[in-house]
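Notes for the one structure printed next.
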Amino acid sequence: MSMSDSLVSCGHLDPVIAQGSTQCREARPCIHKASQRMSSDLGSGPPSSCMHIQWDLKGKTKLSLNQHSYSEMLYEHNSRDQELVRLTELITQLLVELNHSLTSVIPESALLILIGWILGGIIYGADKMQTFTLTPTVFFFYLLPQVILDAGYFMPNKLFFSNMGAILVYAVIGTCWNAATVGLGLWGCWLGGAMGDIDIGLLQFLLFGSLIAAVDPVAVIAVFEEVHVNEVLFIMVFGESLLNDGVTVVLFNVFDAFVSLGGAEIDAVEIIKGIISFFVVAFGGSLVGIIFALLISLLTRCTKNIQIIEPGFIFILGYLSYLTAEMLSLSAILSIVFCGICCQKYINANMDERSVTTVRYVMKVFANGSETIIFVFLGISAIDPAVWVWNTGFILLTLLFIFVFRFIGVFLLTWILNKYRLVPLEFIDQVVMSYGGLRGAVAYGLVAMLDENKFKEKNLMVSTTLIVVYFTVMLQGITMKPLVTWLKVKRAAVTELTLAEKIQNRTFDHMLVAIEDISGQIGHNYMRDKWHNFEERWLCWFLMKPSARKSRDYIFNIFHQLNLKDAMSYVKEGERRGSLAFVRNETKADVDFNKKFRASFSEIMPDIMADNMGPDHVPLSSILQDIVPSVCLVMHEQDLTMRESEDFNAHHLLQQHLYRGRKQHRHRYSRSHLETNRDENEVQEIFQRTMRSRLESFKSAKMGVAPAKKIQTKHQKKDKPQKMPNGNSSDKSKNHPYGDKGTCSLLFTSLLHYMKWLTRPPQLRGHQPPVVCIIIQSHSKAISGICLILENRLD
Amino acid sequence: MGSTNSTLSKIPNVEELMQETGFTPAHIVRLYDRFEALDKEKTGHLRPQDFGAINRLAMNPIGDRIIGAFFSPGQETVDFHSFVRILAHFRPADKKRPKDPSMPEPVNSRTSKLKYPPLVFSLISVAFQLYDQDKDGKISRAELLQVLRSMLEMQVTEEQLESIADRTIQEADLDKDDAISFEEFRKSLEKVNIDHKMSIRFLR
C-alpha cells in the first residue's frame, strides 16, 4: 500500500463548471481513468477506487478544478473531509449514547452502520454521487492502528499466553481452511454454472476466499461487548481475530502475485516461496513489534524528568511499529499487537501514575473514535450505485459458504484440540466461536485495494464483501445474545431468592474461587517458570526504572530485616532478664520505622508514617470508613410496615454489601469500560480482615485469655465475632484448626506475601496505608512472638 | 505420555485413588504437581501455612474456612490422597460416566461424612461444614453471624448484621429450634442449581 493520498480529482468536467459557474452538483467525474492518471502522476501504487469532488458545504461558488493545482485542492478537500468526519462522529456518538437500552439488543456496530446508511443516503442525495467512502489508505493507516494498539495494550497477557497454542491453531489453520474451502467452493459452483457468466478464475476465487475468511477484531470486540461469555472463549475469538492478520496478509499478497503472474507460471517453487513468506511475514512482524516494545520500555525508563510527554511516546512508537512493519512488507497488525502486549507491564511500572492513566484513557478514546468512524464509513460506502454489482449466485453462495465452513472448521479443530487440552472446549463454546466469526472492515479494506485491471469483477467482490460484512455484523451481532441465552443450561426460575439462597450463592462463588486457587488453575509449567525467572532477573533489570524495581523488592527486604532485628533484640533482652515472659506484659513494643529507615528508603515508604495515624495510633482512614452511613435504610423505613421494611432492608443490605468475589465469567477486555477500583478496595479490605483474624486467633492461642491491652476504636467494635457473649472466646484456641506453630508461620508467611503484593503497581495500593502498620502498631507483641519462634527455628 | 506414567508411579495407590474419585491420570498428575509445588519443604504433607502461601486465598472472605475444610478435625496435615479426595467433591457430576454397579460410587455423588441418605450433591455437605465449625450438625445463630460477618463489608453495623441473621434463620428454620439443621439447609437450597454453579471445569 502506498502512502499516497487517495483524494484525487477528475479532469473531466462539464464545460459549464470549467467556466466557473456556481452550480457544482451536476459534475459527473470519470472515476477510473482519472484516478489512474492521477496516481501515475503522483507516482503512487495501486489506485484506489474512490473519487472525491470538492463539495463546498456552504454552497458557495465551486472552484473550477482546472484552475487550481492539485495540492491546493487536496488540502481544501482534506479539511472539509475532516469537518464532515468530525461532525459525523459527534452525531453518531450522541445518538448512540441516547439509547443505551437499544444497544443491549442491537450491538453498537450495527447501529453505526445504520447511521452510516442514513448519512450516506443524505450525502448521495445531495451530491448525486458518493463523496465519502472508506478508502484503504485512510482505513489502514489512520483508523485501524489505534484499534489494534488498544487491543494489544489492554490484552490480558496471562490468559492470552496460556491459551496461545489454541489461538494459533485457530488463527493459522482455521483461516487457511476457511480461505481454501470458500475459494474452492465458489470456484466449483462457478464451474457448475451457478453464477452465470463472470470473468473470473480459480486464483481470483482463492484470493477472494482469503480476504473474506479473516475474522475481524473490530467487529468481534464490538459484538462481544454485549454478550458476556467466559474468559477463555473470549480470548480465543479475540486472539484469533488479531493473529489471523499474519495469514491474511500473506495469502492476499501471494494470490495477488499469482494472479499477476498468470496461472501458467505457478509451479512448486512459487508455492514454496509462498509458504516461506508466511513465516517471514508473521515472525518478522512480531519481531518488529517486540523490538519496538523494548524501545518503548527503555524510553520510559529514562523519562523521569519529562513525565508530561511520556504518554505521547507510547502512541508515537506504537504507530511507528505499525509503519515500520508495513514498510518492510511484514504484518503490521501483528507488529502493533505484540508491541502493545510486550510493553504493557514495563511501561505501567516505569511511568508515573498520571501518565499511565492518561495513556489508558487516551487509548480508549482513540480506539472508540476509530471504531465509530470505521463502522459509519462502512455504512456510507454502501450507498454508492457505482460499486454495486448484483450476482445472486455469487453473493448467496459466499454467505452460505463462509457460514457453513466456519462451523465445520471450528468444530473440527476443536475436536483435535480437545485431545490435548486439559480444559476442553464445550459444545456451546464452539457454537459461539463459530457464530462469532464476524467479518468486518479489514476485509472491505483489502477488497477495495484490488486492481480493476487484474480483477475484472472487482465491483462484484466489493459488493459481496459489503453484504457479508453487513450480514455478519448486523444479523449475527443482533442474534448472538439470544442464541447464547437459548443455548445455556436451563436456568432456575427467576423468582426472588430468599436471603438464605442469596447468601449461599455468594458462599458458593467464594468457594469456587478458593478451590480454583488451591488446585492451581494455571498449572505449574516448566517453561513458564523458566521464563518467569529469566524475566525477573534480566528483563526487569534492563527495562524497568531502578525505583520501580526497588519498590518491588526492597520493602519486602526491609520488613524481613526489621523482624529479624527485632527478634534478635528481644531474645537478647530476654536473656538479660532471665526469661521471655516479659513479652506478654510489655505494653507496647516501639518499632519506629521512621527512625530506622527513613534515610535510605524514604521515597519508597511514604505511607508507613505516623502522619496518617489517628489519636489511638490507628490509621485515620479506617476510622473514616465507619462514618459512611447506609443511607438507604433511613429513606424507606417510613413507607413500609415494620416487617416488610425489615425484609426489604435485609435484602437491600445483602445486595449492597456482600463481597462480590472474583468473577469467573467477567469480561477481561472491554472497549468502553476501564476497570474501576472497587475490586481492589474490596480485595484490600478482605485481605486486611483475613490478616487480622489470623493474628487474633494466633494471639488468643498463644497468650491464652484475651490480651491485656486491646486498642479500642470504633473500628474494632465491628470486629466482634471473637467476643460473642456465649463465652466462646476461650474456646477459640481449641477450635482453631491450625494449632499454635501453624498459625504463626501461616501469619508470617501471609504477611510477607502481603508485603510483596503490596509493592506491586502503585495503582493497587490506593490511598490506604498498608495494613502492616495497623498490625505492627497494635499487635507488635504478636509480631515479636513470631520473630522469636522464627529465631528459634533458625537456630 | 512418558512423563505422566513416571509421575503416576511415584504416587502410591494411585489406581484406587483414580477409581474412587474418577479423575483421569492427566488430572492426577496435574494435581500432584500442584501438591508438590505447594509442599515447599517436600515433606509429603501439606500444612495450613502451605495453603496460606497461596496469596489469593487471603483475598477470599472465606478462604481460611476453606483451608480448614481440608483438615479433618484433629489432623494437622493433609496428604495427597485426602487432598485429591476433597477436590473430587467439586467435580461436576458427570452424567455420562457409565454407572458400573461393581465399582464403589464415586466420592462426589454421595455424602460420605454424614449419616444422611445419599444426595446428589455432596457439595452441600462441604458447604454445611463451612458454616458449622463446631460440628454439631446444626448451624447456630452465632455461626451464621460469623460467616455473614466475614462476607459483608465493614460498613455493616452489628445490628444490621443481627437482623439479617435473624431473618435468614426465620426463613430456613422449619422446626423452630433457632438453628439450621442439615436438612433445612438442603431444602433451602433446592432452587439453587448447584451443580451448574460449582462446575470447576478443569477438574472434570
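Placement of Cβ uses the backbone N, Cα and C atoms for every residue, glycine included.
Residues or ranges marked as domain 'Cation/H+ exchanger transmembrane' by TrEMBL: A:103-486.
Residues or ranges marked as transmembrane segment by TrEMBL: A:109-126 (among others).
Per TrEMBL, transmembrane segment is recorded for A:138-155 (among others). Long-range neighbours of the transmembrane segment (A:138-155) within the same chain, counting only residues 6 or more positions beyond its ends whose Cβ lies under 8 Å from a Cβ of the stretch, are 1, 3, 6, 217-218, 221, 238, 242, 315, 318-319, 322-323, 326, 332-333, 336-341, 343-344, 359-360, 363-364, 366-367, 369-371, 373-374, 377, 441-442, 444-445, 669, 671.
Non-local neighbours of the transmembrane segment (A:167-193) in the same chain are 160, 200, 202, 205-210, 212-215, 235-236, 239-240, 242-244, 246-248, 251, 393-394, 397-398, 401-402, 405-406, 408-410, 412-413, 416-417, 433; each lies 6+ residues outside the stretch with a CB under 8 Å from one of its CB atoms. Look at TrEMBL and you will find A:167-193 (among others) tagged as transmembrane segment.
Residues annotated as transmembrane segment in TrEMBL: A:205-225 (among others).
The transmembrane segment annotation in TrEMBL covers A:232-255 (among others).
Among residues of the same chain six or more beyond the transmembrane segment (A:275-296), those with a C-beta under 8 A of the stretch's C-beta atoms are 246-247, 249-250, 253-254, 313-314, 317-318, 320-321, 324-325, 328-343, 346-347, 543. According to TrEMBL, the feature transmembrane segment maps to A:275-296 (among others).
The annotation transmembrane segment is assigned in TrEMBL to A:308-325 (among others).
The transmembrane segment annotation in TrEMBL covers A:361-383 (among others). Sequence-remote contacts of a segment are chain residues at least 6 beyond its ends whose Cβ falls under 8 Å from one of its Cβ atoms, and for the transmembrane segment (A:361-383) they are 85, 88-89, 92-93, 96, 109, 112-121, 123-124, 130, 132-134, 139, 142-144, 146-147, 149-151, 153-154, 218, 221-222, 311, 315, 440-441, 444, 466, 469-470, 473, 671-672, 674.
Positions annotated as transmembrane segment by TrEMBL: A:389-415 (among others).
Remote same-chain residues near the transmembrane segment (A:460-478) are listed as 49, 105-107, 109-110, 113, 198, 208, 211-212, 219, 222-223, 375, 378, 381-382, 387-391, 394-395, 398-399, 402, 435-441, 443-444, 447-448, 450 (criterion: CB distance under 8 Å, separation of at least six residues from the stretch ends). For A:460-478 (among others), the entry in TrEMBL reads transmembrane segment.
For A:702-739, the entry in TrEMBL reads region 'Disordered'.
Sequence annotations record features per position, and here TrEMBL assigns compositional bias 'Basic residues' to A:711-720.
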